[in-house]
Structures are given as C-alpha cells and as structure tokens.
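Right, one structure below, let's go through it.
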Amino acid sequence: MIGVHSAQVIREAEDRFFEENPGADLMQIAARAVSDRAREMAPTGVTLVVVGPGNNGGDGLFAARNLAAAGRPAVAWLVTGQAHPQAVIAARQVGVKFVDSSTAMHMLPDVMLVIDAVLGIGGRPGLFPVVERFATACDDLCIPVLSVDVPSGLSTDEVTPTATSFRAAHTVTFAAPKLCHVGEPAAERCGSVEVIDVGLSLPEPDVRRLDEVDIARWWPWPTAVDDKYSRGVLGIDTGSERYPGAAVLSTTGALNAGTGMIRFVGPERAANLILDAMPSVTIGPGRVEAWLMGCGWGKQDRDAHAARLQAALESGLPAVVDADALEHLPKTVPDGWLLTPHAGELAAMLGVHRRVVEVDPIRHARQAAARWNTAVLLKGATQYVVEPSGRVTIAVPGPAWTAQAGSGDVLAGICGMLLAAGLPAWQAGALGASVQAMAAAHKPGPFPPAVIARTLPEVLGGLWTTLRSRAFVLPVEQ
Ligand SMILES: NC(=O)C1=CN([C@@H]2O[C@H](COP(=O)(O)OP(=O)(O)OC[C@H]3O[C@@H](n4cnc5c(N)ncnc54)[C@H](OP(=O)(O)O)[C@@H]3O)[C@@H](O)[C@H]2O)[C@@H](O)CC1
Ligand SMILES: [K+]
C-alpha cells in the first residue's frame, strides 16, 4: 500500500525537513533520479530539457548538468527566460547548450528525449501558449517525454485534467504519489510513475492505493479447518425476467472468487440459467451470512424491490447493494453494507449531474459514504472505496477492457463473496475491485466479463502460491 498525498502535505513535510536539516540539498537527489532515468530512456542522442522558473525547472537543469557532465548532449530551453540561478551556472559550466523557443521547436523532431521540468507541485493547471504548442508537438511526433514530478499543465491534486499538459512516457515524482498520478484520466498522462524517496516524513495518508501484496495479505484464503459454511454463505437476489444475464454474471463472479456456498433467490428464469452453467449453486432461501442485491433488477416491480431491500435491512446482515437497488436506499443503512455505484448512479443518489461526479469523484464518494454512513465503492477507470470517516482506498488498477456491460455485475458478485467471508465492507470493495482488475490484466484483450470472472481462480491461485512461497517477507500490517 502506498500513501497518496497532496501538494500541500508534501510542502509542509518539506518545510519540516529543512527546519530539521538546514542546508540539505534535496534538489540534487531529485536531479540525479531524473538524469539516471533519462540515460535509460535515451541511451544515445540529444536530450532537450524544458525548464520552468521554479524548483521543478531547477531539478531539470541539474539533470541536464548531470547528463552533460557524463558526456551526453543536453540542451535547455528556459521557457520564461528565468530559472534557478545555481542550476543555470552549473549547467553552463559543463557545456549544456541554451536555446530559445523557436530553436527548441525546430530541433524537436531530432531529439531522443524531452525532459519536462516546466511546472511541478507549485504549478497551476495549464501551460503558456508557446509551451502548450510544444507539448502538443511532442505528442504528435511521438517524442518520449520524461516529466519531473508531474506532467506540466496537470493539476497535482486532481484526477480530471482541465487544460493541455505534457503527456509523459514516464514520471519521476518525489516523496509520494499525488492524486494526478493514480486517478484516471489524469494518471494516463503520467505514463509509468516512479516515486523517489527524498527523506521526507509524511503523515498517515487519508488516501491510499493498494498493491498486489495487500490483496495477498487480506484475501480470506481457505484454511485446513474450513468448510463451505465457515467460508461464508452468500445469498444472491439479482436479475429479473428482463435481465437474467445480470444474475448469471453476479453469481459467476461470486463463485469464481471462491464463495463457500451460494443461495440464489432471484427469478426462476435466471435460476435455470445459473443451474445450467453452475450446478453447485443452491436455489432457494436458507441461512446466509451476507446478501448481494440489485444487479439487473430493472425498473419494473419497484415496490417489490424496495420491500426486498427492507427485508435485507431488517436481517441486519452485511449486503452488497448494486445497480437498481441503489434507487431504494433507506435514509440510513447498516455500516456493513457496501454500496457499489458507478458515476451515473452516484450522481443520481446525490441528486447531481454525472459530469460533476466525474470531475471530483472522491469528494462525491465521500459525501455518499457520510450521508449513508457506510462504505461506498465508486466504480470506474479508477475505483475508489470510501469509508464514512472519509478514508479512501484506491483499488489496484487494471486495463480499460473491463469497461463493458456486465463487469459491474461480476464485481458485485466478488464483493458479495468477500462480505460473506466476513470482511468489512470497505475491504470487500477494495479487494473485489482489485482482483477483477488483476484478472483483466492477466488476460488482456476484449474478453467479456464472464471470461474475466472465470480467470479469477488462476489469478487467485497464483497469488496464493506466491504468498506461500514468500510468507515470511510480507510487510507488517499497517
Ligand atoms: N517536495 C519535494 O519533495 C521536492 C521538490 N522538488 C521540486 O520542487 C518542485 C516545486 O518547486 P516550486 O515550489 O518552486 O514550484 P514549481 O512547480 O517549480 O513552479 C513554481 C513557479 O511556476 C510559476 N507557475 C505556476 N503555475 C504556472 C502556470 N500555469 N503558468 C506559468 N507559471 C506558473 C510560479 O509562478 P507564481 O505562482 O509565482 O506566479 C512559480 O514561478 C517540485 O515539483 C519538485 O520538482 C525537488 O527539488 C526536491 C524534492
Ligand atoms: K514537470
């Protein structure tokens, strides 16, 4: 797990660091990381460094100095004519060539790498027009860009770009990732992201991103003393006469994630389809540990749906509440419930426009988690799980192939399995979203949601094997 921090938090940590370590030079650590990566990205040819007026530009210019000192041709364009004074002197001393904007633009087709050191965490969104044209030209000519800290033009603390920015092949950032590095669609503009530890002490994060080790550590692996009941019985009330496929998909997700036992209580047509495909599913009511409700309910029979949700509420059991069931939410729900809206459903829950949610997904997911006092998994290209406290856990990311009808049903099924196994709602959401993304990454391509679901046993089996072989080196629980 890695903490995601805002520019403000990084600045405060930097201030504390300099109070405790007067005279320390973090810029040299940053510049070394950038020049090392630049040498790997462009082993030969000219590197053009685009330099802004602040410390981000300083990092870039010292990286140019390092490259030139190692005998690599480096050229710098100071976009405002101003730059970190000591970095300018150091770069000149080792023969870095300084060029103006028209020369930079003119030579661009022949450079091997552009280092974008225009703006970092002190930048406001957007670029000067001449730099904007240059960034667009880099994109058009497919010149690889190495961004220092953040692709200039992006807003560090936002996941939705509002202006033109550089589009990096790789970003070297410092101390911790920021929201723009981990939240789509901004993250896509960062390329691969590398975090350099510069020695800052950071507070406990209120936004964290999971990695595969967390999934291995938290997954409810079966033990030698488990049986089908102890692994968790999930009641599934999904599908309708009109949408029986949603019932099949949600059950496929739950079964392939490893549910101990599934009791399906949805419509007969869906039950028949499920039995054909998954004969181990039990049809009809019985004791369960958790509920999965809503996928494919549709807009008919609204009164019946509301009554079924009310019955689940009165049972006091944890529940995954998905899709059409989200329209029937009572004012407060038990804190073991996991609400799993996509942006459009969350917008409807909050009475706002979908676009508003897409621009600031975390704020809106936090609003819903606080309003219903339970965990919310906001589905999308980046999947955010928010607890009523406001803590955010971002799932392991995966490829965009899962952006397809039916993926949400499978995901709800996986989350249902995890609730039935006894995990708290936030963890069920974060793990469910992560393993589906990992399965999609394991089997890249336009595979339909049911195929991705059937890949889960391989992915979980692989994780389990890795866990067993590395059981003693897992980091201590945080
Ligand atoms: N923290 C760390 O761990 C480390 C931090 N380090 C580095 O420090 C960087 C932060 O440096 P920084 O504070 O000097 O800010 P930076 O991003 O260079 O920009 C400020 C300048 O840009 C200007 N400006 C802003 N927006 C603009 C716009 N849209 N269009 C035009 N101009 C704009 C702004 O102008 P002003 O706001 O004053 O008008 C000001 O002149 C950080 O990203 C990292 O690279 C490393 O050295 C070591 C480890
Ligand atoms: K930058």
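Note that Cβ sites are derived from N, Cα and C of the backbone, with glycine treated the same way.
Per-residue pLDDT, averaged along the domain 'YjeF N-terminal' (6-206), amounts to 97 for this model. Among the features that TrEMBL reports, domain 'YjeF N-terminal' is placed at 6-206.
According to TrEMBL, the feature domain 'YjeF C-terminal' maps to 211-463.
For Ala246, Gly296, His342, Asp409, the entry in TrEMBL reads (6S)-NADPHX binding site. Its Cβ taken as reference, Ala246 ((6S)-NADPHX binding site) is surrounded by 29 other Cβ atoms within 10 Å in the chains shown.
Residues annotated as AMP binding site in TrEMBL: Gly408. Secondary structure at Gly408 (AMP binding site), taken from DSSP and collapsed to helix, strand or coil, is helix. Around the Cβ of Gly408 (AMP binding site), the same chain contributes Cys295, Asp322, Ala323, Thr340, His342, Lys379, each under 8 angstroms and 6 or more positions distant in sequence.
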*Let me know how many other Cβ atoms fall within 10 Å of the Cβ of His342 ((6S)-NADPHX binding site).*
19
_Say we define neighbours as other CB atoms within 10 Å of the CB. Which of the binding-site residues Gly296, Asp409 has the fewest?_
Gly296
*Can you list the residues of the same chain, besides Ala246, Gly296, His342, Asp409, whose Cβ falls within 8 Å of the (6S)-NADPHX site's Cβ centroid?*
Thr238, Tyr243, Leu249, Ser250, Gly294, Cys295, Asp322, Ala323, Ala405, Gly406, Gly408, Ala412
*Rounded to whole angstrom, what's the largest C-alpha distance between any two of Ala246, Gly296, His342, Asp409, listed as binding (6S)-NADPHX?*
16
*asked:* In the three-state scheme derived from DSSP, which category covers Gly296 ((6S)-NADPHX binding site)?
replied: coil
